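As written in TrEMBL, here are the features:
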- 39-287: domain 'G-protein coupled receptors family 1 profile' (DOMAIN)
- 23-49: transmembrane segment (TRANSMEM)
- 56-76: transmembrane segment (TRANSMEM)
- 96-118: transmembrane segment (TRANSMEM)
- 139-161: transmembrane segment (TRANSMEM)
- 198-219: transmembrane segment (TRANSMEM)
- 240-261: transmembrane segment (TRANSMEM)
- 267-289: transmembrane segment (TRANSMEM)
Amino acid sequence: MNDEFNVTYITFSGHVELHRFRFLYFLVMFIVYVLILCSNSIILCIIWIHKSLHEPMYIFIAALLLNSILFSTNIYPKLLIDFLSDKQIITHSHCVFQFSTYYSLGGSEFLLLSAMAYDRYVSICKPLQYPVIMRKSTVSVLLLLAWLLPALQVMASTTIINNLQICRFTLTGIFCNNAIYNLFCVTPRTLSINGVSILLNTVLLPMLFILFTYARILIISYRSGRDVRKKAAQTCLPHLLVLMSISCLSSYDIIIARLQVDFHRTARLIMTLQLIIYHPLFNPVIYGVKMKEISKHLKKLLCEGKLNPLKIR
């Protein structure tokens, strides 16, 4: 611990061969961060600009992409600074903030996917009632709850963490996640119970709801005509792929970081990097390619970009 002006510092010990490959790490992660910002922002702007995409399904997609940008911005700037620094340290208060933002936005991801599943269920299974059920007010409430509920639950854990005494000042990782629990002298039962509550309310229950909803959609679409089955496949497949992606990566965070499974340092770093690289890039790729309307506008935008230089010449 470096204790200057009553500031407590925590050291990250998850980096591997940083003194040899710091510039390579920085270059690769900087490019990835730029790609995340650009890819998510482009599709976000397409949805914002085109009024034909101002429908609940696309609004939820836009919210998911915005969530990816915020999630990445919570981690990448500090990570890039650490790659070029002699010491990979973070203040206790900043670490707690990164921890709370990380899990708040992670919980929002599952709740947004739940809202999208509900929207697809109403659209496919109750098409005549869709305009009545999925009004602007309903969409606004679902978006508010998706961001507010995880934030409030994580805030309770943050309040407890701020009052705990730290006995260890080295965190096994490259950013602040559940591994922060291992820094405390004593982890109170209330913190563990609240952690389980967050896992249940923002991950497990939404996942069960999503799986149940899509199972109902598949059953109803199977009994219906070919057009209904085609619509269900086109709109539900991207959401299921995104759900599989975030679920697999989240399981690593729970098993490795929280339960402190004995994992080789290099393997731990690779898995951690996958967690913050793949999913923020996966969302815009899936929705940009698989969603027909977004793909159409994206192709049009790219074609205009190629034609403009020719017109200038």
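Including glycine, each Cβ sits where the backbone N, Cα and C put it.
Caution: TrEMBL annotation is automatic and unverified by curators.
The structure displayed is predicted, hence computed values, not measured ones.
Here the domain 'G-protein coupled receptors family 1 profile' (39-287) returns a mean pLDDT of 86 for the predicted model. Remark: the transmembrane segment (56-76) contacts the transmembrane segment (139-161), by the rule of 3 or more CB pairs under 8 A.
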